[in-house]
Every structure is written in structure tokens, then in C-alpha cells.
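According to TrEMBL, the protein has these features:
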TRANSMEM  54-75  transmembrane segment
TRANSMEM  87-110  transmembrane segment
TRANSMEM  139-161  transmembrane segment
TRANSMEM  185-207  transmembrane segment
TRANSMEM  227-247  transmembrane segment
Amino acid sequence: MFLFYRLLLAHFIADFPLQFTKLFRLKTEGIKGTILHGSVFGITAVLLSTHFLVFKWMGIFLIFLWIFHIFTDWLKIKLINHYKNDSLALFLLDQMLHIAAIGVVILFNFPSIELAKSRTSVGIAIGSSFISRLYSNDLFIIFCIFYILATFTATVLIYYLKKTYAHSNVSFPVKGKYYDIMERALITTLVMLPGYFYFLVGLVIGIKWSICREKNFGEGDYDFSRFNLIASSSIAILVGVILRWIIS
């Protein structure tokens with residue numbers, strides 16, 4: 001599972017934090033944008049699996065993931081343009097296909113990270129450095145994955161949930177999304193931390209509710225809707241509970 005976790009992290013980093021609005025628009029406009037986005041994933045995947053590149057099958061597998069990522073995203077854009085429907089189901093299917101492709105790495109009988117390190121002296125994790133210890137720590141990698149899910153991925157998920165269930169004309173948040181991301185990161189952390197910090201979650205949500213009420217629960221560049229308030233807080237709390245359970 002060592003490589004699976006790191007390639008999964010590479011996928012989520014490339015698909016969400018590093019898929020800026022401009023890059024997303026380029027991807028929807030043509031194959032060049034799709035290749036650029038796929039290459040961001042490819043580079044991130046290489047960085048997070050550097051030590052294993054000494055094994056020939058790893059390089060072949062990374063090329064497969066790179067091509068598969070580009071093809072899947074290209075096909076998704078084609079389907080959206082053909083059916084004029086960018087749906088929650090298509091978003092989830094796209095993510096499941098990417099994760100399933102990455103999951104193939106579990107079938108490989110790759111040596112341990114210790115042996116891989118002994119075969120190479122390059123990469124992001126060298127010797128006994130602090131970065132190396134973080135890279136080799138599965139718990140740290142899992143936390144990174146879940147924090148991306150709670151923050152950047154949740155922004156996209158809420159957009160699709162709102163399109164599907166709120167029955168309103170929804171536009172993707174631009175200006176206000178980073179405020180929501182920071183808010184979810186805070187809530188997730190408060191729930192995850194040992195002790196009784198989770199009692200502060202009510203205060204955070206209460207402040208957000210007051211702001212939304214003052215803005216008449218309106219929508220625009222900043223989403224103050226009830227749907228966003230409930231969905232955003234719920235996702236952050238859920239991820240926080242999962243992380244708290246993992247470290248308990």
C-alpha cells in the first residue's frame with residue numbers, strides 16, 4: 001500500500017490544489033490543456049515515487065497512469081460537451097476510474113522503501129532527513145489525502161451536489177472558495193485534535209451562520225447559501241471524525 005497512498009496523494013494534488021481555474025479552462029478548450037493537466041499529475045507522481053524508478057516496471061506503470069489520466073479527462077470533456085451535462089455522477093465516475101487505475105500498483109510486488117532507498121540517491125526523500133521521515137510515514141500521507149478531500153476536493157463536490165440537489169443555477173465559486181477552504185481546514189482540525197477542541201466547531205459554524213444571515217443567504221462570488229453552509233461544515237466534520245478515529 002506504500003506506493004498506492006503516495007500515487008493517490010499525487011492524483012488529489014494534481015486534480016484539485018494544482019488544477020487552477022485557468023488550467024481547468026484550458027483543459028475544457030482542447031487536448032493541449034488536458035495534456036498539460038495530465039503532465040502535472042505525471043510529474044507529481046514521479047516526485048512521490050522517485051526511489052522506485054530504479055525498478056523498470058515502475059517507469060512503465062507511471063507512463064500508463066499518465067496516458068490513462070489524459071485519456072480519462074479527455075473522454076470526460078467529450079461526454080460533457082456531447083450531452084451538455086456536467087453531472088455529479090460523471091465527476092464521481094471520473095474519480096473512481098483514476099483511483100482504480102492507481103490501485104493496480106497494489107498488484108505489483110515492489111520491494112520495501114528501505115530497499116528502494118538503498119538503490120538510489122536521488123529524489124525528494126534522501127537519507128534520514130526530515131522530508132524523508134515525512135515521506136516514509138504512511139499516517140502523514142493519509143492525513144494529507146484527507147485534508148485535500150476536506151478542503152479543495154470538497155469545493156468541487158459541493159458544487160456538484162448543489163447542481164444536483166439544490167435545483168438552482170449554480171456557478172463554480174471563484175473568489176470565496178479559499179475562505180471556505182480555510183474554514184473547512186479549521187473545522188477538520190478542531191474535530192481531529194485530541195481533547196475537547198471540537199466544542200469550538202459550534203462557534204465557527206455560528207460565526208459563519210451569522211455572516212450568511214447578514215448576507216441574506218445569498219449567492220454570487222461568495223456563496224452564503226444555506227446549502228453551502230450545511231454541506232461545507234458537514235464534510236469538514238466528517239473528515240475530522242475519520243482522522244480522529246485513525247489516530248485514536
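Cβ atoms here come from the backbone N, Cα and C positions, even for glycine.
Automatic prediction, not curation, is the source of TrEMBL annotations.
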Contacting positions for the transmembrane segment (87-110) when only residues 6+ beyond its ends and CB under 8 Å are counted: 1-4, 7-8, 11, 15, 52, 55, 57-58, 61, 64-65, 68-69, 72-73, 76, 79-80, 116, 156-157, 160-161, 163-164
Same-chain residues near the transmembrane segment (185-207), Cβ under 8 Å, at least 6 residues beyond its ends: 146-147, 150-151, 229, 233, 236-237, 239-241, 243-244, 247
